[in-house]
Amino acid sequence: TKQCSVLELPKHGFFFSGYCKQVPGSLCGLGCLTGYRLVNGDSFRECRQDGTWSGREPKCEEIRCSTLKIHPRVIQECLPQQNNTEYKFGTKCRAKCNETGYRLVGPRVRECVVMGRWTGYEQFCIIGTETTSLVMSSTTSTPDLATTPKYLGRKI
């Protein structure tokens, strides 16, 4: 039995155990740092009896989200600011309405997260002012969430 060569880490990668043995039968787990995802290879590789590694050498690719769809009257401000059509992992975009007399429907902030997806859903502006928050007195009962209807999404 032969020893395997040193298994190279992809740039922005790490071994699950902190290191990787080179003896036949050793299984090495590889991952990517926060903001990156493993592509084009295998996350687990085994040192085989013939001294070769199983699987393919992976790469760590930066996670990016596509540009958010912006509805009329909505302004998006994203930080950190970027001049391209994709946004880096962790980018947060704050939305507001650009006209007086309109209010935002949807999340105020959306974030580029794992798998290159944005949190929340598309925001839009409707005529009206910000709704006032409900004040519950000690005599008011809380609604039963099991029987209270829940409305998700928007009416079309």
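Every residue, even glycine, has its Cβ placed from backbone N, Cα and C.
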TrEMBL annotation, disulfide partner among Cys32, Cys47, Cys60 for Cys4: Cys47
Cβ-Cβ distance under 8 Å to Cys47 (disulfide bond), same chain, at least six residues away: Gln3, Cys4, Lys21, Gln22, Val23, Pro24, Gly25, Ser26, Leu27, Cys28, Trp53
Cys4 (disulfide bond), number of other Cβ atoms within 10 Å: 22
